[in-house]
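Novice: One structure, as structure tokens, below. Some questions next.
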């Protein structure tokens, strides 16, 4: 039995399988997940697990090179954006229109669906390398 880090087997596996520039999406409970993209559904009820809790644990396990948010988060969910940006600890951060964000999610290795029930609480995390 694994005793540290992410215990969810599919999520732990996806992170372990990432190569440089592969990416995953951490999503609120409303983001559409494209057909053919692996869905790791963590949602138990609205708000559980929270986007920020999930992001914190993923960042502890994953080597992140950069992140992308939808432009709309700045206006509609600045508290989540600020907290998530702080967690990313100086990593380059980009913003794209929400429609483009949804298009980008089609190329994700997986979309991790949280129970977050607040607008635009979604981020794309690009894998870096550990050397």
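FYI, residue positions are counted from 1 along the chain as it appears here.
Quick reminder: no glycine exception, Cβ is built from N, Cα and C everywhere.
Owing to the predicted nature of the structure, the values given are computational and were not obtained by experimental measurement.
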Novice: Where Swiss-Prot shows 28, 120, 121, 122 binding substrate, which of 95, 98 is named for the same site?
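Specialist: Of 95, 98, 98 joins 28, 120, 121, 122 in the substrate site that Swiss-Prot records.
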Novice: For the substrate site made of 28, 98, 120, 121, 122, how many Å separate the two farthest Cα atoms?
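Specialist: Maximum Cα-Cα distance: 13 Å.
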Novice: To the nearest Å, how far is the Cα of residue 121 (substrate binding site) from the Cα of residue 20 (active site, proton donor)?
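Specialist: Cα-Cα, rounded: 24 Å.
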